[in-house]
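Colleague: As annotated in Swiss-Prot:
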- THR173: phosphothreonine (MOD_RES)
- 490-509: compositional bias 'Basic and acidic residues' (COMPBIAS)
- 490-510: region 'Disordered' (REGION)
- 524-542: compositional bias 'Basic and acidic residues' (COMPBIAS)
- 524-555: region 'Disordered' (REGION)
- 574-587: compositional bias 'Polar residues' (COMPBIAS)
- 574-607: region 'Disordered' (REGION)
- 595-607: compositional bias 'Basic and acidic residues' (COMPBIAS)
Amino acid sequence: MGKIIGIDLGTTNSCVAVLEGDEPKVIQNPEGARTTPSVVAFKNGETQVGEVAKRQAITNPNTIQSIKREMGTDYKVDVDGKNYTPQEISAMILQNLKSTAESYLGDKVDKAVITVPAYFNDAERQATKDAGKIAGLEVERIINEPTAAALAYGLDKTEQDEKVLVFDLGGGTFDVSILELGDGVFEVLSTAGDNKLGGDDFDQVIIDYLVEEFKKENGIDLSQDKMALQRLKDAAEKAKKDLSGVSQTQISLPFISAGESGPLHLEITLTRSKFEELSDELVRRTMGPTRQALSDAGLSSNDIDEVILVGGSTRIPAVQEAVKKEVGKEPNKSVNPDEVVAMGAAIQGGVISGDVKDVVLLDVTPLSLGIEIMGGRMNTLIERNTTIPTSKSQVYSTAADNQPAVDIHVLQGERPMASDNKTLGRFSLTDIPPAPRGVPQIEVTFDIDKNGIVNVTAKDLGTNKEQNITIESSSALSDDEIDRMVKDAEQNAEEDKKRREESDLRNEADSLVFQVDKTLKDLGDNVSEDDKKQAEDKKEALKSALEGQDLEDIKTKKEELEKVVQELSMKVYQQAQQGDAAGSNQSDVEDAEYTEVKDDDDKKDNK
């Protein structure tokens, strides 16, 4: 069985890991970094992913960031008249990580475990699975990020029983999970969170502050200038990171705008205390789900043995202090918050492939599931924090005499009224035989699989007629759409590969032309005019080919010039050897004369 890679598909950054022996290993990307920015850019028909896409975000409006926040919605990204779904953009990031893993392993990779925030609903999980499929990956398991982190933390601690609180504050989402670890069993007791809270929001409060200060001073609203906003975003992110280590940082953005008197510059000193004041509301928002998770698990903060911080945003000192104050324990800093989730996913891949033994993962569903009943109320079948996979059935009846069909409105959420919860889907059970109200017996069954994805079945117990659906939200993709996107992704990957090969070939050819010029200059009179002319002719032929689009011609001309350069180098090398040999012989003669003179002197001394 091939390797199953572990992928942390993050809002801001993503990470890929693989199990090597008993240890998960984070794979470096081609730039040598252990995480890859979750950024996709479209430029001149080419798709760019990661650091290269992030670097040109200021000047390229076709740059997409934080797409994870739109997963499970019907949001579309318009790029030069073509619409892309969040699944397609995420697939491009996954494809990049897949390629990184393949380069490292030297083998094809087609299976993965992908992590999602624990608080992701059904639509968001399904969208993540679809993204994997578009990227050419068979998603063996979708697991929750805090659970993955606990796996990585607790793999070598299976002898002792521990209750662990995982506090996961990423770029765009926030989760708290409480797990019990012991004897190789990782059981999630509860989970809570906020899918619209993360590092991006901490950046935003700095951006808002900078915009406000600049407007006060210069009367210009930078939030209306797209390019200025991107520069502010980059500066805010950097300032946030700086303030995790220092008490103040200088934000300097020259030529950010222009006024009547000329160019305007933004120069502001941001202190950690000011940042803490700006972000206080965000930090306090993380405490609600933390208390909720403890309450749902039936635990107090005194029952927690370890606190694990996950996600880059947990490096913010105010966040660490708030967690410490709430739980009453110093957070464990033995895990890397940016990498631990991918490492846990790789371990889960090892569990699935059989490489990791004696580890059992018991996860939970983050939100309650039920259907709408009379009066617009929600009737819950599966409570939140129920261990998955699970199945639950309940019998309902008709609301009117001779009712021929029932509509099943599937809901996810905690509110008593159906309209206040998220609709996962609707379907109908038809052809119910005429009968008085309350007589027909309709059994509704909810199934949640190991990925947290929901199937619902409705069955008329009188006729045994059955209707079922795998929940698909308005954002879900049909098999045909996924197949089309898979083909597009493969085609784009092939085209990108060709573009890269062309770029590499042209760069190598340019470099060779420069090298030939330098070599001929260095050799000077050591090369015959005929050899020089031949090299010059081949060089000009290659330069001419580079102006065209025929790659085969460039390749041929490059090889011809390389051959001439090799022959030149050989001749020069041989000449150098001959020169050394001649010099060596001359040296021997001089030594002999010296010896003879020495003998004469000796004779004189003897006289």
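Heads up, the Cβ atoms here are built off N, Cα and C, so glycines get one too.
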Colleague: For the region 'Disordered' (524-555), give the DSSP counts of helix residues, strand residues and coil residues.
Modeller: 26 helix, 0 strand, 6 coil
Colleague: Please list residues from the chain of the residue listed as 'phosphothreonine' whose Cβ is under 8 angstroms from its Cβ, counting only those at least six apart in sequence.
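Modeller: Set apart from the residue listed as 'phosphothreonine' by at least 6 residues yet with Cβ under 8 Å, we have THR11, LYS68, ARG69, PRO117, TYR119, PHE120, GLY193, ASP194, ASN195, LYS196, LEU197, GLY198.
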Colleague: Which residue counts does DSSP yield for the compositional bias 'Basic and acidic residues' (490-509) in the helix, strand and coil classes, in that order?
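Modeller: When I sort the residues of the compositional bias 'Basic and acidic residues' (490-509) into the three classes, I find 20 helix, 0 strand, 0 coil.
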